[in-house]
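Annotated in TrEMBL:
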COMPBIAS  360-371  compositional bias 'Polar residues'
DOMAIN    40-290  domain 'ABC transporter'
REGION    336-396  region 'Disordered'
TRANSMEM  473-492  transmembrane segment
TRANSMEM  504-527  transmembrane segment
TRANSMEM  547-574  transmembrane segment
TRANSMEM  580-601  transmembrane segment
TRANSMEM  608-630  transmembrane segment
TRANSMEM  693-712  transmembrane segment
Amino acid sequence: MAQPNHRYGGHRDLEAVIDMDHPEKPTAKGGSRFSFTGGLEFTSLTYTVVKKQRGVGGEWEKKDVDLLHEITGYAPKGCVTAVMGPSGAGKSTFLDALAGRISSLDGRVALDGVEMSPSVIKRSSAYVMQDDRLFPMLTVYETLLFAADFRLGSAVSPSDKKLRVDNLIEQLGLTTSRNTYIGDEGTRGVSGGERRRVSIGVDIIHGPALLFLDEPTSGLDSTSAHSVIEKVHDIACAGSTVVLTIHQPSSRILQLLDHLIILARGQLMYSGGPKEVTAHLGRMGRKVPKGENSIEHLLDVIQEYDQSEFGVNALAEFCLTGLKPRKLAAEGISTVSSIPPTPVGPGGEDFDHSLRSQHSKSPWSGAQFTPSRRPKKDQSGKSQNPPSLSPGIHRYGPEIVMGTPTPLSSISVYTVNEADYLSPAQRASATGAPGVGINALGHRGKFANSYAAEVWVLMRRNFTNIWRTPELFLSRLMVLTVMGFLMATMFTKPKDNTQGITNRLSFFIFTVCVFFFSSNDAVPAFIQERFIFIRETSHNAYRASAYVVAGVITYLPFLLLQSAAYALITWWAIGLHGQFVYFLVMLYASLLSTNSFVVFISSIVPNFILGYAAVIAFTALFFLFCGYFVDSQSIPQGWKWMNTVSTMKYPYEGLLMNEFGGTRIFSSNPPLDGNAILENLTISVHKDRKWRMVLYLLGWAVFYRVLFYLVLRFASKNKRK
């Protein structure tokens, strides 16, 4: 097959250009000759979903719909690859496919010639979501420092982490907002552009080989958007493979984009450099009007074909095979192009030179052309022919060296450099013993930290957030304190008669309800952190179990403080009997179980409204079946299981056992001792039984935490099915 005649079609031409532009650069034998890397390569990416559509007869029927259809191409290393296209083109779906976020994806993704599974992509890449999900009460410095603790692990000393964060803040242009809170709707913080750069910094702190960004300029003004893309371009120049989706880039942003992938209806419309779009349109038979942007004109052409009888399939065929699409008349009637289509051989070897250069790479790609067709499969599903790329797509040649710097990163003045983040000792170690702790793809093991280190970092972050937002726990403390004073004044020293017994029963059931309802404000706790958790765990920042354990440990002292405040106020004021320690322990266990239940509910509901509705509904059911309205022996057989699962039953019965257990007389007319009262309520009179209630309640707390973990581990994944 003949080599492409594009100026930069092969390595020799590109090397000649580089040597001509930079004659002072010595050769490899002299120590500085440029080598080439491939970057990210994807072949025949297809994502099919089942959708319900109305058939000819008006009946609903299921059909397979391709959201992505056999997309083949590349994203060169050291360059910014922008994925563009009209609304509904499949840009975000395509980005998810490259990032390993689609479980049922058909196709192949490789980095530097090494095929990568979704799990490997997950470890070696970073994904910046469209929405900036950050803790609002952390400063810019604290946010990046916690990210460094999660991503770099214990192998990097705290001083080196701080040095790395300081350098990253400077390189991202965040020096002036270093100690500013991230902020949210209720707290003034950094600007939108600064927030986006912080989100990027969180994901690049560990030097990922791949960086994916979903609409990084969304919601930003022109200046902020340009600043963000400028920093992204600097990251690419440092040697990372950067792929981003963007909707309508300005002319200044277009100058920072090195490679374009244009999609429509899930199909590839164009792949190549921004400056080659004009030639691509010319070969299509569409001239760019004077003064109009060529990329915008191509999008207009795509829109015209999409609304025609041919659809975008004609343009996809042109991109894949070079078969010129039919022209569209001004009246909307399609006509056959006056230029005959170029014949295509079985392997694409009969393409003329103009078609060969149709999808020629950008000057910095250094790739070779080889023909391609979708491999045919036999009945067993195995490929009969090895997959290869069409003349319009590129495959990396054997001379590509994995792990070497790209020409662009070598000759460009870039800002963010991986070595800038390392201490002198680390830099010497990295150059003296390359690959220690990091494999050829640039990622470490599955988790950077040990389990204990993850829990410790999460706890420190939790305590920092609680200290900055004290209303989260102070509100519960104030509620229980006020309720304690209210109960102490209403039920002070009840008399030993039937009314006194009723007052004591009312106090205990109200106490159980107050402690259950006081944890309802935990509903938004995880809902607010859900997207942060998904973003951080999607790239193995920490384990889901470590998140659960750290949350439990963080809550323990605050829940104990709340229980103690209520117990100290009410115990002596009301004149309760039994053991004060048991009273305090039961209240504490009640808060633990209730908090675990509410957090579990918050993990399975999509929003606050459904969360509160679910908690209120379950609270009513637990209250109904706790044994206060109908004792456990009188509950219908079909509903006894509700009495067992009601977490209000155990503190209610346990507190009554502690209060009435024994032979003390609580009423002289008629004479009733404590055991008689418990028997009338069908509650056990055995002294050891009350401590079992504590164990049962703690068991439910553990059970709901386990369910919470299972939801986090297997259901809270940002991955398409």
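Glycine residues also receive a Cβ, built from the backbone N, Cα and C atoms like all the rest.
Caution: TrEMBL annotation is automatic and unverified by curators.
When the stretches 504-527, 547-574, 580-601, 608-630, 693-712 are ranked by Cβ pairs under 8 Å to the transmembrane segment (473-492), first place goes to 547-574.
Same-chain neighbours of the transmembrane segment (504-527): 472, 475-476, 479-480, 483, 487, 491, 494, 533, 562, 566, 570, 574, 576, 587, 590-591, 594-595, 597-599, 601-603, 605, 607-608, 611-612, 615-616, 619, 622-623, 626, 628, 647-648, 651-652, 655-656, 659, 666, counting only residues six or more beyond its ends whose CB sits under 8 Å from a CB of the stretch.
The transmembrane segment (693-712) shares the most Cβ pairs under 8 Å with 580-601, out of the stretches 547-574, 580-601, 608-630. Here the transmembrane segment (608-630) has Cβ contacts under 8 Å with residues 505, 509, 512-513, 516-517, 520, 523-524, 527, 597-598, 601-602, 639, 642-643, 645-649, 652-653, 681-683 of the same chain, all six or more residues outside its ends.
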